[in-house]
């Protein structure tokens, strides 16, 4: 039996037990969530080096970092270094979104190096291979696409991002919608180009039962990619985006009936006042499926600072119910992120996730903050740095100050509020 079947049969699997320990919840809570479809467990049994990660209602908000080969930039060694940096920074998952070069070799390295669940977007490789084989990606055959999907699942990929809900009807709506930025999804735009060139329905939608058969065979989670995500605030929650969400809701139901774990991807650029509505809409139309959001970016003008932009949107979206944040780096809209920007993007997304977990009342999040606050009150710098979301940077900043051995912070020095108040209240920690 696969994970959903086990959960529905009342059986608690080792993966459910592992997730329960990580999350500080009961195995029964995890089992019920998997059975209901409000929790997915990212793991492929063919990978021995991966720790299962739970995503969904009642669990910690998770973060994903994206890497991959793009054009002439970097190489496999560079992307592997980014994976290691993202893992060290605390990402919960890695997405290998390679679009060129030796995609097969890159994926093999990603699966070997990452101890975290790995996701891919098989369409990228299928399009690249079709371009080499037939001279153009628009000549890709259905069989080529499904072959790559199965190869990724068989290789051990833990979750597959697939544009199953981008239908020809939605493409026609988008054509007439008057969007400022008609299409910003890389995979979605290539798929739609194929559909229009061939005058064919999306094969991932037309042959969705075949998608389900592969996912069920390998017990792989499907992540419904969004071809119609808004690329600017003005396009948020327009007809094509909402119609695609309606279709995805129907496919969520079919996936669950087939015993396949599924989550939904969204949304891109969303103004603050629409964040809650966007999440509520997904939860309603997609039957409570876990929501995996890119950003969201709450302004269009933050070039060079989009990791901060995304952290704002991510925190509010996760507070509203989104459970999985796709990181955004400072290089977004400009170029390919370097290792430092990858690390910075993960930390920014983790801060957003943690802020939402606090707002949502998760005990583990609250205790983490309280522990650091106690250490701060006691001027216990070693403990503060260890508890910081980025201990390496916190420690470096502490060491860079001229009086690093002093008890108080550099801002207040001998007038440290913690030290003075503790002295008068008789709560000073004399061992500091």
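Including glycine, each Cβ sits where the backbone N, Cα and C put it.
According to Swiss-Prot, the feature substrate binding site maps to 95, 124, 163, 185, 186, 187, 226, 227, 228, 229, 292, an assignment based on similarity to another entry. Mapped onto three states, the DSSP output places residue 228 (substrate binding site) in coil. Proximity of residue 228 (substrate binding site) to non-local residues of its own chain (separation of 6 or more, Cβ distance below 8 Å) is seen for 166, 170, 174, 183, 185, 188, 240, 241, 243, 244, given in sequence order.
Look at residue 269 (Zn(2+) binding site): DSSP puts it in a strand. Annotated Zn(2+) binding site per Swiss-Prot: 269, 333, in sequence order, evidence recorded as similarity to another entry.
The [4Fe-4S] cluster binding site feature in Swiss-Prot is assigned to 409, 412, 416.
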Handout entry: Distance in Å spanning the most remote Cα pair of 95, 124, 163, 185, 186, 187, 226, 227, 228, 229, 292, given for substrate
Key = 20
Exercise for the section: Run through the Cβ atoms and count how many others sit within 10 Å of the one on residue 186 (substrate binding site). Expected result: 17
Practice task
Return one of helix, strand or coil for residue 186 (substrate binding site), based on DSSP.
Solution key: helix
Completion exercise
As a whole number of Å, the Cα atom of residue 226 (substrate binding site) is distant from the Cα atom of residue 333 (Zn(2+) binding site) by 18
